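Colleague: Annotations per Swiss-Prot:
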ACT_SITE  Cys122  active site
ACT_SITE  His258  active site
ACT_SITE  Asn289  active site
REGION    259-263  region 'ACP-binding'
Amino acid sequence: MSKIKPAKGAPYARILGVGGYRPTRVVPNEVILETIDSSDEWIRSRSGIQTRHWANDEETVAAMSIEASGKAIADAGITAAQVGAVIVSTVTHFKQTPAVATEIADKLGTNKAAAFDISAGCAGFGYGLTLAKGMIVEGSAEYVLVIGVERLSDLTDLEDRATAFLFGDGAGAVVVGPSNEPAIGPTIWGSEGDKAETIKQTVPWTDYREGGVERFPAITQEGQAVFRWAVFEMAKVAQQALDAAGVAAADLDVFIPHQANERIIDSMVKTLKLPESVTVARDVRTTGNTSAASIPLAMERLLATGEAKSGDTALVIGFGAGLVYAASVVTLP
C-alpha cells in the first residue's frame, strides 16, 4: 500500500496586505429620498448611513476587484505572479459561469493561480479568509488573494422603504501569506438555514426569465428580525471567537464588524463590553452596506486614516443572508 506524502505548508498564516476600491459616484441620502417616503434624519437614526457609493458601467465586479487587489498585492510587498489562489466572495456577479475569480486572476497577471467564487453573503469575506488560511497551512498555496466585492445597487429596489437606503458598491481585498506565529485565530462560523427567508432575493432568476414577474429581482429583508439576530446571536459568536483565540475584550485594539447598520454595531459593542480604547469601524456611515466587501473596506480605511495600525489585534465578524456568519481574531497587516 502506497503512502501519501504529507503536505508541507507554513506553520501559520497572516494578512500581509489590504486594498480597497470605492466607486467614484457618491450618493447622498437626498437621492434615495426621491423614490421613498422618508427623511435624511430617519435614515441616519436607523442606520447611521449618510452616503454610499454606486458603480458606473465601467466599474464592474471584476474591474473593482482588480483595483482593490492591485493595492493589496503592493501593500503585501509581493508580485501578482506569486499569488497561488484567488478567492472571490460576491453575490452580484451575474454570470453563473465562469467564475469572475478566473478573469481577475488572469488580468492581474497571476501565474495560472487557482481561482473560484464563493457565495456566503455578508459573511463571505470571513469564509474566504478561513479557506485561505487553510490553503497556506496545508501547503497548496504560498499567497492567497481574498476579495469581497459587490454591486448591490444592481439588486436594490429603490421603492422599498426598508432597504433602498442600505446598500452600496465596492471591493476590498487582502493578501494572506505565511507566518511564523499565529495571526489569524480560529474561525467561529456556521449557518441557520431555517432563517433563510429573513434576507433573500425577491424572486429566482428563472421567474424573471420566464416572464412571471415584471420587476427585476432585488434583495429584501425583515429588518427587525435581522436586527434582533445580529445583536443577540452574533454578539455570542463574536465572544466565542475571542475565547477561541484566547484574547480578552480588554486586550483588543480594533473591532471590525460587518458594516450593516450602525445601531447593530453600537449594540454589539455594548453587549461585548468593549472598552473605549477599542477602535470601532464605522465605515457604514459613508460607504453603506457593501455585504462581502464591507470588512476589508473598513479595515483598509482604518489603516489608511491611522485609526488602526499594523500589528493591532482585531476582532472581525461577518453575518448575513443564509443566514450565515463567520468571526475570528486577526493581526492587522
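Cβ atoms here come from the backbone N, Cα and C positions, even for glycine.
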Colleague: Under 8 Å between C-beta atoms and at least six residues away from its ends: which parts of the chain pack against the region 'ACP-binding' (259-263)?
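Modeller: Hits for the region 'ACP-binding' (259-263): 46-49, 122, 166, 226-227, 230, 281-285, 287-290, 294-295, 297-298, 319-320.
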Colleague: Can you tell me the CA-to-CA distance separating Cys122 (active site) and His258 (active site), as a whole number of Å?
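Modeller: Between the alpha carbons of Cys122 (active site) and His258 (active site) there are 7 Å.
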Colleague: Provide the three-state DSSP residue tally for the region 'ACP-binding' (259-263): helix first, then strand, then coil.
Modeller: 2 helix, 0 strand, 3 coil
Colleague: Of Cys122, His258, Asn289, the active-site residues given in the record, which has the fewest other CB atoms within 10 A of its CB?
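Modeller: Least crowded of the active-site residues Cys122, His258, Asn289, by Cβ count within 10 Å, is Asn289.
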Colleague: Could you state the whole-number distance in Å separating the C-alpha atoms of Asn289 (active site) and His258 (active site)?
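Modeller: With the alpha carbons as reference points, the distance is 8 Å.
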Colleague: In DSSP terms, helix, strand or coil for Cys122 (active site)?
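Modeller: DSSP assigns Cys122 (active site) to helix.
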Colleague: Does DSSP give Asn289 (active site) helix, strand or coil?
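Modeller: It is in a strand.
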